[in-house]
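Reading through the structure tokens given below for one structure.
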Amino acid sequence: MKSLALALLVGGAIAAGPQQQVLQAPVDNPDVAEPPLQTIADTFDHLRGQATNLWNDVIDKVPNIMDTITHTPPPKKFNRRPDSEWNHIVRGAEIQAVWVEGDDGEKHRKVGGKLEAYDLRVKAVDPKSLGVDTVRQYSGYLDDNENDKHLFYWFFESRNDPENDPVVLWLNGGPGCSSLTGLFLELGPSSITEDLKVNYNPYSWNANASVIFLDQPVNVGYSYSGGSVSDTNAAGKDVYALLTLFFEQFPEYAKQDFHIAGESYAGHYIPVFASEIMAHKERNINLKSILIGNGLTDPLTQYPLYRPMACGEGGYPAVLDQASCQSMDNALPRCLSMIEACYSSESAWTCVPASIYCNNAIIGPYQRTGRNPYDVRTDCEGGNLCYTQLGDISKYLNQAEVMKALGAEVSTYDSCNMDINRNFLFRGDWMKPFHRLVPGLIAEMPVLLYAGDADFICNWLGNKAWAEALEYPGHAKFAAAEMKNLTIVDNKSKGKVIGQVKSAGNFTFMRLYGGGHMVPLDQPEASLEFMNRWLKGEWSAKSSS
């Protein structure tokens with residue numbers, strides 16, 4: 001859903017196995033820690049002193065962590081549909097073989113990138129079959145035939161003017177959460193009721209844009225693979241291939257402006273995916289902006305703001321007592337030193353300990369309260385992911401008639417895959433400094449960070465802090481810009497204050513009042529308001545010049 005496992009995993013919470021809670025309180029019994037400590041010593045005695053010290057700190061905090069590393073999930077069961085059931089199959093090898101003559105008279109490939117291993121299968125979804133929306137729809141798979149990876153997508157055309165409206169790629173986070181939960185829980189054309197009926201959403205983001213919902217990385221949602229993807233950079237290659245082949249099949253959409261939006265762990269994904277696209281000079285992807293909602297992008301700057309958000313300094317009453325707040329303060333210096341070590345080396349040997357230690361010491365106190373980490377105003381209901389609607393969505397998407405209508409090939413749909421979550425963490429991906437890619441993107445396009453102000457796990461305080469700390473040529477102007485009221489301007493709620501915004505050049509930060517981790521769920525009118533205005537270019541270097 002949201003990128004929801006974010007919290008789960010985030011919590012330090014490495015799930016030692018499917019039967020365990022994602023977040024576990026630190027074990028205080030020193031005897032329990034003895035065997036893992038010996039294992040660490042035996043296995044990593046060749047590491048330099050700093051890495052060994054980091055792992056010792058982790059084992060002290062989470063004694064059973066070694067058991068979780070050795071867990072290997074089974075591959076998803078699937079039944080591949082014959083080619084005859086698909087309306088179109090786009091062969092990456094054929095696209096890669098196309099050469100054109102440039103303005104300089106030299107021949108070059110029509111589009112860049114290694115595409116020969118990829119195919120795109122496309123199914124025209126009958127709008128009447130599911131009733132999710134009346135607009136034109138396509139679903140299907142991107143196949144990486146070399147690595148046995150199959151990414152599922154679902155495209156909805158704009159309700160307004162699809163021949164001219166922009167195209168948006170939506171990504172949930174986790175890592176390991178399906179973007180179809182974003183579709184049905186947040187910003188898609190319909191939601192799912194308790195009796196598994198579709199309920200029209202007047203605030204869907206396809207009101208004025210065509211939207212692609214992508215289940216990535218593999219083994220998330222309807223996507224599947226015999227292997228796995230466990231870091232953001234590897235996932236970026238797949239997303240570039242999917243977009244390239246999709247726009248090759250549908251050139252009528254390729255000519256439109258294209259934007260990437262997502263939330264939570266998409267704060268990792270989006271800088272990488274956008275940078276991957278821009279790295280190809282010859283491309284058919286007309287990328288114009290990126291939007292990150294309640295994201296995790298710069299942990300070193302964001303982690304110090306967990307304590308203020310949990311302890312009453314983020315605009316809502318405190319969730320934690322004074323002792324818990326003090327424990328977070330006490331643990332912060334060590335946490336930050338470990339994140340700094342990760343930033344310095346970007347190695348799993350330093351980044352994994354930082355993730356485990358900081359998530360348990362800094363996020364753990366909040367999660368052990370039973371409060372919703374995605375909304376400080378509510379308790380957690382419906383299991384680890386805290387939203388009962390997720391169960392309804394999973395039941396709906398597991399229906400045979402739904403799977404058939406979409407061409408889904410897996411035996412079951414799950415909203416979030418905790419194995420993926422764990423794999424990303426143990427590759428060190430969690431704490432890596434993906435914010436370092438953002439300055440290069442700001443130089444090329446508008447960048448928006450928006451944050452619902454009731455979220456704990458990727459809270460607005462931390463997102464505002466890293467936005468203001470980011471070093472790039474326009475840093476001083478952005479840091480000095482004032483937060484101004486954000487109001488509705490073009491409907492019956494005209495004049496209603498929905499948040500605050502600060503912007504300078506191509507960089508914008510928004511605080512959305514009353515929104516949790518998933519702003520479109522909690523504040524649908526506000527989310528469509530800022531989205532429509534963003535797509536029109538209201539906050540950009542061009543509009544402010």
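Cβ coordinates come from backbone N, Cα and C, glycine included.
According to DSSP, SER264 (active site) sits within a strand segment. Feature annotation from Swiss-Prot assigns active site to SER264 (among others); the stated evidence is sequence analysis.
If you draw a 10 Å sphere around the CB of ASP455 (active site), it holds 33 other CB atoms from the protein chains shown. For the recorded site, ASP455 (active site), the DSSP three-state label reads coil. Taken from Swiss-Prot, the feature active site applies to ASP455 (among others), supported by sequence analysis.
There are 31 other CB atoms within 10 A of the CB of HIS517 (active site), with all protein chains counted. In this structure, HIS517 (active site) belongs to neither helix nor strand by DSSP; it is coil. Among the features that Swiss-Prot reports, active site is placed at HIS517 (among others).
Secondary structure at CYS416 (disulfide bond), taken from DSSP and collapsed to helix, strand or coil, is strand. Sequence annotations record features per position, and here Swiss-Prot assigns disulfide bond to CYS177-CYS416 (among others).
Look at Swiss-Prot and you will find CYS311-CYS325 (among others) tagged as disulfide bond, backed by similarity to another entry. Reduced to three states, the DSSP call for CYS311 (disulfide bond) is coil. Residue environment of CYS311 (disulfide bond) contains 21 other Cβ atoms, counted within 10 Å of its Cβ in all protein chains.
The disulfide bond annotation in Swiss-Prot covers CYS335-CYS358 (among others). According to DSSP, CYS335 (disulfide bond) is assigned to a helical segment.
The annotation disulfide bond is assigned in Swiss-Prot to CYS342-CYS351 (among others) on the grounds of similarity to another entry. According to DSSP, CYS351 (disulfide bond) is assigned to a helical segment. If you draw a 10 Å sphere around the CB of CYS351 (disulfide bond), it holds 27 other CB atoms from the protein chains shown.
Annotated disulfide bond per Swiss-Prot: CYS380-CYS386 (among others), in sequence order, evidence recorded as similarity to another entry. Sequence-distant contacts of CYS386 (disulfide bond), defined by Cβ-Cβ distance under 8 angstroms and a gap of at least six in the same chain, are ASN372, PRO373, TYR374, ASP375, THR378, CYS380. The secondary structure of CYS386 (disulfide bond), as reduced to three states from DSSP, is coil rather than helix or strand.
As annotated by Swiss-Prot, N-linked glycosylation site applies to ASN208 (among others), with the evidence given as sequence analysis. According to its DSSP assignment, ASN208 (N-linked glycosylation site) is coil.
DSSP gives ASN485 (N-linked glycosylation site) a strand state. What Swiss-Prot records for ASN485 (among others) is N-linked glycosylation site, and it gives sequence analysis as the kind of evidence.
Positions annotated as N-linked glycosylation site by Swiss-Prot: ASN491 (among others). Secondary structure from DSSP puts ASN491 (N-linked glycosylation site) in coil.
The N-linked glycosylation site feature in Swiss-Prot is assigned to ASN506 (among others); the stated evidence is sequence analysis. Within its own chain, ASN506 (N-linked glycosylation site) has ILE442, ALA443, MET445, PRO446, VAL447, GLY474, SER540, ALA541 as residues 6 or more apart in sequence whose C-beta sits under 8 angstroms from its own.
The signal peptide annotation in Swiss-Prot covers 1-17 and rests on sequence analysis.
Here the C-alpha separation of HIS517 (active site) and SER264 (active site) works out to 8 Å.
With SER264 (active site) as the anchor, the candidate recorded positions are ASN208, CYS416, ASP455, ASN491, and the one with the nearest CA is ASP455.
Cβ neighbour count for ASN485 (N-linked glycosylation site) (all protein chains, 10 Å cutoff from its Cβ): 10. Straight-line distance linking the Cα atoms of CYS351 (disulfide bond) and CYS311 (disulfide bond), rounded to a whole number, equals 27 Å. In the shown protein chains, 18 other C-beta atoms lie within 10 A of the C-beta of CYS380 (disulfide bond). In sequence order, THR350, CYS351, ALA354, GLY428, MET431, LYS432, PRO433 are the residues of the chain that are 6 or more apart from CYS342 (disulfide bond) and have a CB within less than 8 Å of its CB. Most Cβ neighbours within 10 Å, among the disulfide-bonded residues CYS335, CYS416: CYS416 holds that distinction in the structure as shown.
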